[in-house]
C-alpha cells in the first residue's frame, strides 16, 4: 500500500494577505502525512518592478518575462516569498526546506518555444523534468519541501514557470511511489457554475464536463490553468485532485467534503 502524500499549491492572493497566509500555514503544518507546498508569486514582484522602474509587459493577462523581469521574479519568488513561508513553517515546528527548481537540479525546464508571442524566460516542464528520487529522499527524512515557481535548464538559465504546472508535474512524478492527493487552494469555495454565487460549487468535473463549461464561457481565465493542470494530473495517475478554498484545508483533510473534485 502506497504512503499518502499531499501536494498543495497556493497562489498570489493568499501570499499577499499576511493574516490568511498565517492561518493557512497553521492548518498546513498540522497535516500529519507527508506533504509538499508549491507557491505562486503575488503582487510583490510587480511592486518591486515599479520601484525599480522596470516596465511589466502583459499579453492576455500573462506576464512577459524579459531579463530584468526574470531577475525580479527570481529574487521575489525563490528569495523573499519562499524564505518567508519557510520561516513561518519553521515557527510552527514544521521542518520546511525551500527550493527553486535549480536547487539540486530538482526541476529542469525547457525554454518555451514561440510562434507568435515570445513570453521570454518562461520554462515548460513535464513529469520527466522532476528529480523524483531526490524529492522522495527529502520526504523520507521527514522534511517538507516548499517550491517556488522558478526552474532552470541546467545550462545556467533560470525560468519563470507556472506554479499550477509545477504542482501538477511533481504530483505526476511522485504518484509512482506515493498515494498522491493534489490540492489547488484558492479564494473560491471550488469551481463555481456562477462566479457571483459562492453556493454554486460544482462538486465533480470530468474532462468532458470541463470542455462543455469552457465552450459555454462559464470558466474565467484564472481557473483555466488550474483545471487544465488538474486534469493532466488525473490522467497521469494522480489518485485525487481537488480545487478548494484556502481556508478549508483542515476541513478537507479531515472530512473530504470541500471544493471540487477533478475526475476522469
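Sequential numbering from 1, following the chain as shown.
Every residue gets a Cβ built from N, Cα and C, even glycine.
Under the heading substrate binding site, TrEMBL lists 41, 42, 63, 160. Marked as domain 'Aspartate/glutamate/uridylate kinase' by TrEMBL: 4-244. Taken from TrEMBL, the feature site 'Transition state stabilizer' covers 9, 226.
Of the recorded residues, residue 63 (substrate binding site) and residue 226 (site 'Transition state stabilizer') place their C-alpha atoms 17 Å from one another. With 41, 42, 63, 160 listed as the residues that bind substrate, the site has a largest C-alpha separation of 14 Å. Cβ contacts within 10 Å of residue 41 (substrate binding site), excluding its own Cβ and spanning all protein chains shown: 22.
Proximity of residue 9 (site 'Transition state stabilizer') to non-local residues of its own chain (separation of 6 or more, Cβ distance below 8 Å) is seen for 37, 38, 39, 40, 163, 164, 166, 167, 182, 183, 184, 185, given in sequence order. Residue 160 (substrate binding site) sits 17 Å from residue 226 (site 'Transition state stabilizer'), taking the C-alpha atoms as the reference points. Under DSSP, residue 9 (site 'Transition state stabilizer') is assigned to a strand (E or B) in the three-state scheme. Of the chain residues outside the substrate site list 41, 42, 63, 160, 12, 40, 45, 46, 73, 76, 77, 149 have their Cβ within 8 Å of the site's Cβ mean position. For residue 63 (substrate binding site), the number of other Cβ atoms no farther than 10 Å from its own Cβ, over all displayed protein chains, is 19. Within 10 Å of the Cβ of residue 226 (site 'Transition state stabilizer') there are 25 other Cβ atoms, across all protein chains. Straight-line distance linking the Cα atoms of residue 42 (substrate binding site) and residue 226 (site 'Transition state stabilizer'), rounded to a whole number, equals 16 Å. Distance from the CA of residue 226 (site 'Transition state stabilizer') to the CA of residue 41 (substrate binding site) is 15 Å.
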